[in-house]
Amino acid sequence: MDLRNVSRVTEFILVGFEQSYPSTRTLLFTLFLALYGLAMAMNGLIIFITWTDPRLNNPMYFFLGHLSFLDICFITTTIPQMLIHLVVKNHKVSFASCLTQMYLVFFVGVAECILLAFMAYDRYVAICQPLSYAQIMSRQVCVSLVGTSWFFGMINGILLDYMTFRGPFCRDNHVENFFCEAPIVIALSCGDPLFSLKVFLADAIVVLLSPMVLIVTSYARILTSILGRASSSGRGKTFSTCASHLTVVVFFYTSAMFSYMNPRSTHGPDKDKPFSLLYTIITPMCNPIIYSLRNKEMKGAMGRALGRASLAQAETV
């Protein structure tokens, strides 16, 4: 194609739910606004209690607080824009806005993938090496692990952003989703998208499967350890502790793998949007609920925090 005679794309149109009936869009706006508010409130409460309650001063809750912070960043990157587009007719976003949004999605998403793997390793050390736990998972080590997840997220975001926008765009500028999702945007490029898609697949294998190997290995060793030495009550308590993390892992990795490891021929608007909603709003909303409902310490800390808030409000009245 002779690109000299073709106009360049300077903005994208996020189709999202534009083709839905007005009543449907109103219902979706109300639903997603409620879910967004719930996710922000629950994750904000997790951050507050894990960083202020001295009874939660251990590595597991340190990681959980950072996971909630990443969840807040993740949903704020995509959902507010979608809510605006549900009530206005103009769905245009600038080239720079699309690039920035995509970078933040990569940045936070990859950081969360790696952090979930470190959380599995933390559970392995706590259960299989309890006498050395404090020494192995020291404060300095925990800070380094969190910093590592953020660093790789930042570097990976730069790489994937470059691979997405390295070619000119002069075809259709309609993105069949509610945010700038990379595989869809790459398909709109004038050049051959095959190389970029191959890089994405290779990156997804490394970013998603490498942490998954660490997670599976950690829980395999945990299972072997507790089946060999723990009592029935001890097994139940250990499984309850690990079940929350495993549930979060299944939600996040399933949706991410479908979005970035499947060939584009198996995708379509009707398939992409549900999975995009799963990892952009449902999973960040469910994470704090899953952890709080299955953890007595978290429920106790939430009760104390809400009790202090109610007491402070009563004193000001």
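Placement of Cβ uses the backbone N, Cα and C atoms for every residue, glycine included.
Note that the structure is predicted; figures quoted are calculated from it, not measured.
Residues or ranges marked as transmembrane segment by TrEMBL: 27-49 (among others).
Marked as domain 'G-protein coupled receptors family 1 profile' by TrEMBL: 42-291.
According to TrEMBL, the transmembrane segment annotation covers 61-83 (among others).
Feature annotation from TrEMBL assigns transmembrane segment to 103-121 (among others). Nonlocal intrachain contacts for the transmembrane segment (103-121), taken as residues 6+ away from its ends with a CB within less than 8 angstroms of a stretch CB, comprise 60, 63-64, 66-67, 70-71, 73-74, 77-78, 145-146, 148-150, 152-154, 156-158, 160-161, 179-182, 207-208, 210-212, 214-215, 218-219, 245, 248-249, 252-253, 256, 279.
According to TrEMBL, the transmembrane segment annotation covers 141-159 (among others).
Counting same-chain residues at least six beyond the ends of the transmembrane segment (199-222), those with a Cβ under 8 angstroms from any Cβ of the stretch are 110, 113-114, 116-117, 120-121, 123-124, 127-128, 156, 159-160, 163, 182-183, 186, 238, 242, 246, 249, 253, 256-257, 260-261. Annotation source TrEMBL lists transmembrane segment at 199-222 (among others).
As annotated by TrEMBL, transmembrane segment applies to 243-262 (among others).
Under the heading transmembrane segment, TrEMBL lists 274-293 (among others).
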Same chain, outside the transmembrane segment (243-262) by at least 6, Cβ under 8 Å from its Cβ: which residues? 109, 112-113, 116, 119-120, 123, 181-183, 200-201, 204-205, 208, 212, 215, 219, 272, 275-276, 278-279, 282-283, 286-287, 290-291, 294-295
